[in-house]
Amino acid sequence: MSSVLSEYTIGGVKILFPCRAYPSQLAMMNSIMRGLNCKQHCLLESPTGSGKSLALLCSALAWQQSLYGKQLVDEKSDEKEWKKMERVTPCCCSCHLKNSDQTTFSSDRQMNSTDNAPSNISGASSNKTTLASKLCAKKQASFTTDQDDDFQTDRKRIRQSHDEQLQARKRRCYEKGVQFIDDDDDDDRDHVKFDSYNQRRASMDSCAEEAIAASSNHSAGPCSLCFCGQTKEEDKATEKCKKENGEKPKVPKIFFGTRTHKQIAQITRELRRTAYSSVRMTILSSREHTCVHPDIHSNRNERCKELLEAKDGHSCRFYHGVHKMNEQSLLQYRHGIDKAWDIEELVGLGKRLRACAYFAARELMQGADIVFCPYNYLLDSQIRESMEICLENQVVILDEAHNIEDCARESASFSCSDEQLMYARDEIDSMVNHGIRVSDHEPLRAVCYSLTNWIRQCSDQLVEREYEASCKVWNGKEILSIFHDMGITNATFPLLKVNLAAVVEKEEKITMFHGQENVIKIPTLSPQSQMVLKGLFLVLDYLFRQNNRFAEDYRVALQQSYTWTNRPDIPDENGFFARPRSRRSIRQKIMVYTLNFWCLNPAVAFSDLSSNARTIVLTSGTLSPMGSFSSELGVKFSIQLEANHVIHKSQVWVGTVGAGPKGRKLCATFQHTETFDFQDEIGALLLSVCQTVSHGILCFLPSYKMLEKLKDRWMHTGLWENLERIKTVIKEPQGGDKTDFDKLLQMYYDAIRYKGEKDGALLIAVCRGKVSEGLDFSDNNARAVVTVGIPFPNIKDLQVELKRKYNDQHAKNRGLLPGSQWYEIQAYRALNQALGRCIRHKNDWGALILVDDRFRSNPKYITGLSKWVRQLVQHHSTFNGALESLTEFSKNQQQRMQMSSTNCDDEPSQGTSSSSKNTSPTSSLLEFTVHPTQSVSEFTQPTSSTQSSVTSPPEIAIPFSPIQASLGGTAPRDNAEVLSHWKEEQRRKSNTSIKTNLMKSFEKSKSNYSKQRTSFYNYFKSNAHTSTPRQSSSKTRESNLEICCNELASGYSASANSGSLSQGFGRENNVSRKQDEGLNESCQEILCNAVPLFHCTNKETHASVSPPRKYVEPSVSMLPEDNTDTDITIHCTPELYDDDGQENLVSDEEDKCNEEKENKIDSGRADKDTNACALDTSVKRENLFHKEEYLNVSGNENAFNIGRNKGTEQKNRENRLSRSRNKGVSSFFLD
């Protein structure tokens, strides 16, 4: 997608999109706009990687901003209307007439009291106001007089109209500054004859001030003679609405819910990309993620509440700093968080400001336009109450909502053990005994006693279901009768709610002690007891709501089980033998009773959202099958969408495998999975896939039980060891700490990123586990996903069994799905969620392998898959056929990926320095081009280019050949052969062998053609600058050499198609000398550009990547003679890599010795006289030499010096080191 900002207008709303939208994104935004504008609910499925989160954010926020824009326009229009109403002539009703006359009289008195005012202006103003009052009085008299209008003379009616026109004309003149001398006194006297006016005038003369004080009362009263009464009523309603909504109608907030906090972090990263990144936002999270107190590491919820209550006299100092970051303006303008932020940024800011991030995020919700939170914050009524979340007339978006049914059922359910109930009972009993809020605690104590006694009575009625597990189930009506016997009814439950609210409320009591106030905090119940009581009352609230409407949706189950606990081993005081000290505790099996209130209808909890929210949007990549959401949630989704994927069908391999490598049928039912044949066949299949597909592979199993069985079997047979030889094998843990899980994930990512002897990693996980939900395995992190079987829920689970029976019971009257169909849908959603871990963006590719014969034999299992998966699925009857197809797919995609990595690199911009790292052009033909200066260009011919008509400086294109010669053979002629050849060489040979071949190729080039020096060499020599490399470790130097090798290898793989390498590379003697010199020169430029230790800066000449052009081989006649024998070696100071005391080792004698050796090598004579320059060195000197030799391989010397004879180099450097050391040694040691 392009990075250019795109603009779309959908539903009358302008949407700014950060890139060109996919068709699926446009379809999603269209559906969301329809739902928001029409207040309808949406059910939208878009495959993972199709950009649904971006579409959700941009469309919802654009709609919200459009409402703010409309609100601003309405406010401006209202102001204009009010201004127009103020300019209109005053109302002619009695109340306004009296107010107008009083205002006139007051103004007359003010004008009379002002002596300096001009008389003409005063008279005009007074006359003007008086005339207006008189006209209003006359009009009022026409309404109040007993005479009919038909009996009035025509002259008076015409006179009235004339006066109105005259007064209007005068008002306009007054506004222009014109002054009048009124001569219509006779007319004024005629108007005074009206009785109504005389009465009002007399009253104003007698008590002017009282009339002014009473004018407001008359003007505020209702009036039936004009429209002002209706206007006042509307104004009162508007003012009331403004007061209720905070001075202006509120724009709906957007509550964006996801399943985990990690998904919230991904959403905020997407929001940062958009044009709406500066939106006012907040993230609601738990104390576990936001607490910044350094002394609290565990049980943060309880410890936070204790610090807030300050039971030990010390309160939380971070809580008192919330005001530093509790407003949106503070974040944006003072602290610089002006774009979408993550919860980690808020926590970091809280630590810096010593302010609580948990309470700051809650305070920021008041002014936020979009609120991010896990969606159980929206479904659970207790969390909504504690977080003060109001969803009335708000927009609710639930992403990754494929598990929303299960989450809704869990939020309306409650479970507790008999031990928890007895703990709450004893604590309440203690409160009553100490006389603390006795009237409120006693009813709650009675409830706890009743439940614990009932559990003890029913313990003998339990029915055994399996080994050491018994239970009994009651339906809604039965449990209501049981609660009625306990005294908990529709009438008494509201009173119990009042008692619970009173006991959990904090209270302080002030007493006087020795004349001083003493504040005593009244004790409250512990958080554990409060949690038990609140959960119990939550269920009771649903049971008694709306005349027991949801009673049939509940089942109450009492279960008996056994668990192992660690109990301290207390020695017997009367015991004769002493026990060992190391024996601290003993494990003991105890019986546990669990009371479960299970909600079987998700619509119970979801009804709070559907009845209050303006629009609900459910979206996920795996909503299919979508038919159950409307019936299960009790919400009509008027807008539904099932979008297509954005990838091409060639980027994904989807196949079903029904047989293993040995031909055994694979059907992952409970009976088959218990056999060793099935377990061995699955292991052999997984091993073959690991050998075929490189990088990361995910394998999903139906349950943790099956995972443990397979691991034990494979460890016994040695297959687990075989898997570890190919890939790093990681197993998903069941439960455990979050930090441990994150470490395992990081281990998996690192094994793929830093591949050594092993080719990636294998992660074996479980459907519905942590790995299958919301984690991003893009690109190499998941090149294949293997699913074994169909992850049906445990059919023996009591809750699953009750849910199936419930659906069968209410399928006809409520439209629910039958129990068997609901059971299958749960399996499909879990399977689709696991398959969605692969293919995370448009350019991604991967294989989806479904291992189970049921997919091939029964088509109904294919219909449950996502739309984009079932369109591409292929059935393979044998494993060999599937493996061949998978191998071909993997090779093709790897070749395409390598080609796209070359094609997708950015072209270098104009003016790029030659010292920067070169990037590949958009074609597979790679050529390094030397841009000569004007002095050199006169010896060259211009290069013809068929791809560009823009005139460019003369250039000489120099392709690579040393690497290709080192890797052997004739150059491949097409891209596929080049890439496959390089891939095989790279995997077959280690890095050491590649470096050896590189040095050999340069050695050949140097030994054969070192005497042929051209003007290019002189030019580079004259412009080369020496630079001092920085000191680095051997590991860094090795990585730099690998960078150089990769650059040269990429040039080899690309230059093979240029056509200029059609000659055999094994015949070096037939290659043109000038061409080989050009090759050496290009390699020199590569070493300068690729290895960051060296900086070959040239002001006029630089090496850069240019578009492909025809190769022009420079002829000898085009180049001037080179009369200089000086070497063009790029000088670097090797002493920086020696010890601190070994500085300044190079001397004039060493240079002479080097020149003599070079002359001998250039003349082709054997180097036999170098022994005269060599001295014996110690072990320390040999180590120093090895360091310098390694640096020379990395580019410390000229490209030609890489091929220098090793024996000559060793003796030469030994001589240099020994001589320099002798110079630096004190004469005391030399004597």
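Cβ coordinates come from backbone N, Cα and C, glycine included.
For 11-448, the entry in Swiss-Prot reads domain 'Helicase ATP-binding', with the evidence type sequence analysis. Mean model confidence of the domain 'Helicase ATP-binding' (11-448) amounts to 72 (pLDDT, 0 to 100 scale).
In the three-state DSSP reading, SER46 (ATP binding site) counts as coil. Other C-beta atoms found within 10 angstroms of the C-beta of SER46 (ATP binding site) number 28, with every protein chain shown included. Residues annotated as ATP binding site in Swiss-Prot: SER46, PRO47, THR48, GLY49, SER50, GLY51, LYS52, SER53.
The region 'Disordered' feature in Swiss-Prot is assigned to 104-126 (among others).
Here Swiss-Prot flags 147-166 (among others) as region 'Disordered'.
Feature annotation from Swiss-Prot assigns compositional bias 'Basic and acidic residues' to 152-166 (among others).
Positions annotated as motif 'Nuclear localization signal' by Swiss-Prot: 155-173.
DSSP gives CYS316 ([4Fe-4S] cluster binding site) a coil state; it is part of no helix or strand. Within the same chain, residues at least 6 positions away in sequence whose Cβ sits under 8 Å from that of CYS316 ([4Fe-4S] cluster binding site) are HIS293, CYS304, LEU307, LEU308, CYS356. Summarising the annotation, Swiss-Prot assigns [4Fe-4S] cluster binding site to CYS291, CYS304, CYS316, CYS356.
Positions annotated as motif 'DEAH box' by Swiss-Prot: 399-402.
The compositional bias 'Polar residues' annotation in Swiss-Prot covers 890-903.
The region 'Disordered' annotation in Swiss-Prot covers 890-924 (among others).
The annotation compositional bias 'Low complexity' is assigned in Swiss-Prot to 909-924 (among others).
Taken from Swiss-Prot, the feature region 'Disordered' applies to 936-956 (among others).
Among the features that Swiss-Prot reports, compositional bias 'Low complexity' is placed at 940-954 (among others).
Positions annotated as region 'Disordered' by Swiss-Prot: 1195-1231 (among others).
What Swiss-Prot records for 1206-1217 (among others) is compositional bias 'Basic and acidic residues'.
The separation of CYS291 ([4Fe-4S] cluster binding site) from GLY51 (ATP binding site), Cα to Cα, is 33 Å. What surrounds the ATP site, by Cβ distance within 8 Å of the Cβ centroid and not counting SER46, PRO47, THR48, GLY49, SER50, GLY51, LYS52, SER53, is the set SER24, GLY621, ALA643, VAL646 from the same chain.
Neighbour counts were taken as the number of other C-beta atoms within 10 angstroms of each residue's C-beta; across the binding-site residues PRO47, GLY49, GLY51, the minimum falls on GLY49. The residues near the [4Fe-4S] cluster site, meaning same-chain residues not in CYS291, CYS304, CYS316, CYS356 whose C-beta sits within 8 angstroms of the mean position of the site's C-beta atoms, are ARG287, VAL292, HIS293, ILE296, ARG300, LEU307, LEU308, PHE318, TYR319, TYR358, PHE359, in sequence order.
For the motif 'DEAH box' (399-402), the DSSP-based tally of helix, strand and coil residues reads 2 helix, 1 strand, 1 coil. CYS291 ([4Fe-4S] cluster binding site) and THR48 (ATP binding site) are 33 Å apart (CA-CA, integer value). Scoring each of the binding-site residues (CYS291, CYS304, CYS356) by how many neighbouring Cβ atoms lie within 10 Å, the top position goes to CYS356. Counting in whole angstrom, SER46 (ATP binding site) lies 36 from CYS291 ([4Fe-4S] cluster binding site) by their C-alpha atoms.
Neighbour counts of Cβ atoms within 10 Å were compared across the binding-site residues THR48, SER50, SER53; the minimum falls on SER53. The Cβ neighbour count for LYS52 (ATP binding site), using a 10 Å radius and every protein chain shown, is 24. Cα of LYS52 (ATP binding site) to Cα of CYS291 ([4Fe-4S] cluster binding site): a span of 32 Å.
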